[in-house]
């Protein structure tokens, strides 16, 4: 259980960082504001179909994706590369820890650091929103908590995995920012580009005529998968998977994709890290 | 059984050869001084023993176990003070030692270890705020955690004041008396001279000499130096002296001719200088271990 010792050390080290506390406070306040706004206005004012306790869940979720992705990047991009560059890793690896312990410990330690503000923000947002709406969607809120935690650890795992690929913080920052930009900003364009290329380099007349499998492509970004996974667990929510008639068109695809992000980049990072000279 | 057995290890980083076919054996229970100038490959050798770096060719064994395949088992029984270890964590000095004890699966009192290295007063302060010397002492305390069978100390006196260096030597001696093997790298001869049973001199990635301190002293004692100061050093004198039997090197600095030679050749060197010009001063000296070290490592200074 050597990884747990590394995780614990990493966790306690990170908790002393003032920057993390500052970002967390902003995020928690934002969640309260979002919950308050959702509870204060009518459906017409908010541009949604109706104001429900389940709707609150998706409103809170939108805040989570932005916060978790940016904060994961900030707190984890140097987690392995930075320690290799500075030589701190020599301290850990002079003790009887394996490189796998180090990588796993970093994912769990930093994931736990990020999980704290996520849980606090959800709890406060849920209390404020539910109190104003006068109803509690317990199952939906529980689903939001579970999916958000999976998303948090998946994102941290991606960033730590990318950080393990290289021994230079400059390259680690390019890799992780590149990941963020590609999957969180540009993916819509990439998705359209894939449709365009597969359709003989022209776009179909309307989005309705897009091929069904583009649904899968659109779930690739972690934050897209997060929202889709949420649809699978929130009662009465269907998302756009219901519009397509194919075996893969299920919101559970979101869970599969999150699992992919949780495991694959970290495994890739480990593969490179395990062979590297420190 | 040999505590450390390095055989035929070559390590290349890109196109640069850090180690060239290195063979090295450190016996169980001995204090081995690993000497060499900066960049000779000392840290690379240690990195290979700890599996931080993989050899290009050859193999390294510690306690008879393969350094790559059984690295964790090796590190469970080894205390390491690495070189260039980067910033420590946000935790206190005591927590750092506790972390090392936990990793080793060892009991033991962190405060006793901190007292041994002389930083009891700073136990509750964050290690990042420690001075360089205190960090080095803390790292030594972490290396000592769990009474390891082997201590690998890479340039352990870096950043230590004379008091700290003395504490370090005392602890090395105590650990050796306890029966631990100590592998101690340094670029400063005096430090290994005081505590080591045997010394290996590493230069440009290969072992230039391995001997006991006494053996090295004997080898050094057989040679010496003559320094002849002249008002002017005539042309051709250097060549004449270089040609003498028993003279190994000749150089001139500020009008002083310096000949490194075997002791019986000293008279002939002085004699030739008198014949060639006006001699103002003559000094002769026995070579020190320092000179020997310099001669093995080709230090131009």
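Cβ coordinates are placed from backbone N, Cα and C, and glycine is handled just like the others.
Just so you know, TrEMBL annotations never went through curation; they're auto-generated.
Residues or ranges marked as transmembrane segment in TrEMBL: A:20-38 (among others).
The transmembrane segment annotation in TrEMBL covers A:58-77 (among others).
For the transmembrane segment (A:107-128), the residues of the chain that approach it from at least six positions outside its boundaries are 3-4, 6-11, 13-15, 20, 23-24, 27-28, 30-32, 34-36, 39, 56, 60, 63-64, 67-68, 71-72, 75-76, 79, 136, 141, 144-145, 148-149, 152-153, 155-157, 160-161, 266, judged by C-beta separation under 8 angstroms. Positions annotated as transmembrane segment by TrEMBL: A:107-128 (among others).
Below 8 angstroms of C-beta separation, residues 53-54, 57, 60-61, 64-65, 68-69, 72-73, 75-82, 103, 106-108, 110-111, 114-115, 118-119, 122, 126, 130, 171-172, 175-176, 179, 222-223, 226, 229-230, 233-235, 237, 255, 258-259, 261-270, 272-273 of the same chain, each at least six residues beyond the ends of the transmembrane segment (A:140-165), sit close to that stretch. Residues or ranges marked as transmembrane segment by TrEMBL: A:140-165 (among others).
The feature transmembrane segment is assigned by TrEMBL to A:177-197 (among others).
The transmembrane segment annotation in TrEMBL covers A:252-271 (among others). Within its own chain, the transmembrane segment (A:252-271) is flanked in space by residues 80, 99-100, 103, 107, 150-151, 153-155, 157-158, 160-165, 215-216, 219-220, 222, 224-232, 241, which lie at least six positions past its ends and keep a Cβ under 8 Å from the stretch.
Sequence-distant contacts of the transmembrane segment (A:20-38), counting only residues of its own chain at least 6 positions beyond either end whose CB sits under 8 Å from a CB of the stretch, comprise 14, 46, 51, 55-56, 59-60, 62-63, 67, 71, 74-75, 113, 116-117, 120-122, 124-126, 128-129, 132-133.
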